[in-house]
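Trainee: Before anything else, here's the structure in question.
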Amino acid sequence: MRETNQVRESLLCHDSSPQLVHRNPPSSSLILRLYLGHFLARWGARMWEFSVGLYMINIWPDSLLLTAVYGVVEASSTALFGPIIGKLVNRLTYVQVLRLWLLTQNLSFIVAGITVTWLLVHSGLRLSGFALFISLVVLTNVSGAMGTLSTLAGTILVEREWVIVIANGEPPEVLTNMNSVIRRIDLSCKLFAPVASGFIISFISLEASAVALALWNIISVWLQYWLLKSVYDGIPALSENDKKRKARFEQKNPVEVSSSISTDTEILLSYKGSSSALEEHSWKQKVIKRLSKVAFFDAWIVYLRQDVVLPGVALSLLYFSVLSFGTLMTATLEWKGIPAYVIGIVRGISATVGIAATLLYPILHTRISTLRTGLWSIWTQWSFLLLCAASVWIQNNNISAWMLMGGVSASRLGLWMFDLSVMQQMQDQVPDSDRCIVGGVQNSLQSILHLLSYVSGIIVSNPKDFGKLTILSVLSTMLAAVLYTFHVYRARFRDEAFSSNITAQDIIITNCIRPNSIQAWPRMWEFSVGLYMMSVWPGSLILTAVYGVVEAASIALFGPIVGQLVDKLTYVQVLRWWMLTQSVSFIVAGVTVTWLLVHSSMINAGFAVCFSLIVLTNVSGAIGVLSTLAGTILVEKEWVIVIAKGEPPKVLSNMNSVIRRIDLSCKLFAPVASGFIISFISVEASAVALALWNVTSVWLQYWLLKSVYDGIPALSESDEKRKARFDQKGQVERNPSMSTDTKVLVSHLGSTSPFKVYSWRQNIERLSKATFLDAWIVYLQQDVLLPGLAVCLLYYNILSFGPLMTATLVWKGIPAYIVGIVRGISAVVGIAATLLYPFLHARISTLRTGLWAIWIQWSFLLLCFASVWIQDSNFSAWMLMAGGATSQIGLYMFDLSVTQQVQDEVPESDRCIVGGVQNSLQSSVNLLSYVMGIIISNPKDFGKLTVLSVLAATLAALLYSFHTYRVRKYLLV
């Protein structure tokens, strides 16, 4: 750990490299034996990897089903047992791992080769003896999966352990060069093994290829073991490190070994806000101790602690790709008429490009650092994959196939440099005791994503639809690039922070709002629900408008109650209710929508059931939106103000901008992803993806936001004050300003009878105790009432890619993925607004920034207004989208301006209540827009709704201008 800390300090503080311990380097002959043994082991694995797709598509012609099933079995076995393999390698001695690896790998591929040969020779077995056929297919799958698992053990042993031990004490470039050579060996096997296998298949037979695979593993296993065992015997550092590992596990029992994990887990799950903290801590400790004995939980917690978790996740996302000459792509290319030997040659060329990447990596690494090399690499890969995306729209089968192969081959330059960059970051930053475990989990995570690619191959099993898988792969690569870019930004900011003596609290303040990016993905539902409803009841906006009415009415009705609930509960209680309710609601909504879409005839055949499911979808969506409102109030109206308290004004301004940028980023990526799923897979798949997202992400959301609460003392201190305030005061005392203001409101009633006055006062006092009037009177007292009303009027605006506008655009013939892309562009414009806002705010004040912003928005909306009178439906739709997208720059600057005015001028005790009422008022106005959508439900009459929206924006601009004049006494100067 001390050496790791020294390396970390040198990286953060830009000092010289850690002091090197000079010792005699291992002889070049031993290093050569290491490389040769690794080459022999990888050759057999690469032969199988290339050939298995061709075997399966010949066993079951004209279908990718067997190929995809094998991929699922292989990937799921690594996903399931990867962490266990990592822990096994960590506990066994090097020699034990070596023996287990080589024996299991070679024996598995021998069995797989024999069973495949039998299936190919007896090609009619599928019809004449189906039970035997299934048994042999199962045996082939299991053998291949075991071979892959044993290869994983060898990869962890050589790449994650031995090279680090051998390079320990040597100059940094030694490790870089060894990593590059090992990756070069792997890619050389990827170059020559498929070429050799392809020539055997094309010029002899498929059966001869399977026999050659079995014979190779029988002959080479002995030479592999001798080479690698001689490396172990000849390099003292390996045996010394092996003894240390053995001694460590002899001295510690399993509980002690995982003590650090238990400690970290307890910290993650500690809870400060409960009066029964000791009891809660006790049961949590028991649960965690039991769970930590499970290999998966134990290993995953170790992985999630690492500083390099984001690069690891980014690398894993690249495995959700069929664009890698894997089994699915190989089988598809053969189906398209590309001969096996040509596929082998092109795959070899792609491996040559990869080898070039391993030669280029050390050069870039020494000049622009490991971190930046990864950044350049991942975006280089994505750029080349755009050629594959373009091939989807090429009608000529042959040209499309060559474009696909060209894009994939060229992209290997970026892929393998990125792989080397992430590997070296893990080697540098992961502690010695965690290396094997992290390696196992990393491979498990990669296999989970790889498994999903094969699952998508099973769903889209027709080779004609391979373009859909191509688009998903390109999107996954883009997400990986964005994630890694985010990590680079965070890491380089941290370096600057250490070099400029920025405190840890400053870093927490800057980073604490990141978790909001995960929970903001309800944008996926917001975009898709209009398309779902239009698909359930085609040709009408009625269901879309009804859903909008239900959602808006629920916020209008319950918004003040949600605000008061957030004000009364502790932060942790709000966080838990928010996460649980939001996720469960969107899961239920996703399931019910899927059922409605799959059983599309139900609206005629079973109207009662259909109506019940529609009601359940509407209620679930409304509850989900209400819980999202609670989270919005908690983070945007409370936490950011508490965190920024005592800081310079620009801190709050910047945090508001970043939070809005996060929301808009989700508005950018979620609709694009959903639109592509709808356009290239199905509407049903989009609904399933929504439900799965909420199932998987809720745990990470809670952990991230809870760690923010635990890490920032100001939040827990503010929480204690809130709790003490409500403990000391009764319900009446909690609203003293209400009672006072109510008395002021009724002090001049104009009646001569004191009894009548008293009677009126009693009635108003009683009404003021009701939640709605109580909260609304607090809102109406505020100085920022007019800006709040102006923002609300903008919610009577259907020109913001909401459900009505989205459904209308699809009705006009605009594909869903195009709508998603343009909505993404509008989000980019909004993100630009969040970058421009702090600049304008610092120069012309918050008030004037809002004035400029609202009129800029109005100006761009005139383009939508003009589209109403355009006869050409397609041109009118594009004008509508252009005006809606460009107007976002004014909209979000105005929104930020009003948000900051509310934060600055509303008292602390009223913040949550005002936030709830503000959202309620916004939803009330939004409700009116949906009511108009019900009244004007024919998509042909959408122009009428457009005109009403522009008029509402005009009224909002005039209201805010009046507020500005009232405050400043003038407007333009």
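In case you wondered, yes, glycine gets a Cβ from its N, Cα and C as well.
Automated prediction, rather than curation, is the source of TrEMBL annotations.
This is the feature table in TrEMBL:
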type	residues	note
TRANSMEM	68-88	transmembrane segment
TRANSMEM	100-121	transmembrane segment
TRANSMEM	127-152	transmembrane segment
TRANSMEM	191-219	transmembrane segment
TRANSMEM	308-328	transmembrane segment
TRANSMEM	340-364	transmembrane segment
TRANSMEM	401-418	transmembrane segment
TRANSMEM	469-489	transmembrane segment
TRANSMEM	577-598	transmembrane segment
TRANSMEM	605-630	transmembrane segment
TRANSMEM	776-796	transmembrane segment
TRANSMEM	816-840	transmembrane segment
Trainee: Count the CB pairs under 8 A between the transmembrane segment (340-364) and each of 127-152, 401-418, 577-598, 776-796, then give me the winner.
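Mentor: If we count Cβ pairs closer than 8 Å to the transmembrane segment (340-364), 401-418 scores highest.
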Trainee: Between the transmembrane segment (127-152) and the transmembrane segment (68-88), do 3 or more CB pairs sit under 8 angstroms, pairs being 6 or more residues apart?
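Mentor: They are in contact.
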Trainee: For the transmembrane segment (469-489) and the transmembrane segment (308-328), does the number of C-beta pairs under 8 Å, pairs 6 or more apart in sequence, reach 3 or more?
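Mentor: Checked: the transmembrane segment (469-489) vs the transmembrane segment (308-328), in contact.
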Trainee: Find the member of 100-121, 127-152, 308-328, 401-418, 776-796 that has more C-beta pairs under 8 Å to the transmembrane segment (191-219) than any other listed stretch.
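Mentor: So the stretch in question is 100-121.
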Trainee: Report, as numbers and ranges, every residue of the chain located at least six residues beyond the transmembrane segment (776-796) whose Cβ falls under 8 Å of a Cβ in that stretch; write 'none' if there are none.
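Mentor: Result: 560, 737-738, 741-742, 768, 850, 854, 857, 891, 894-895, 897-898, 901-902, 905-906, 910, 913-914, 917-918, 921-926, 928-929, 948-949, 952-953, 955-957, 959-960, 962-963, 966.
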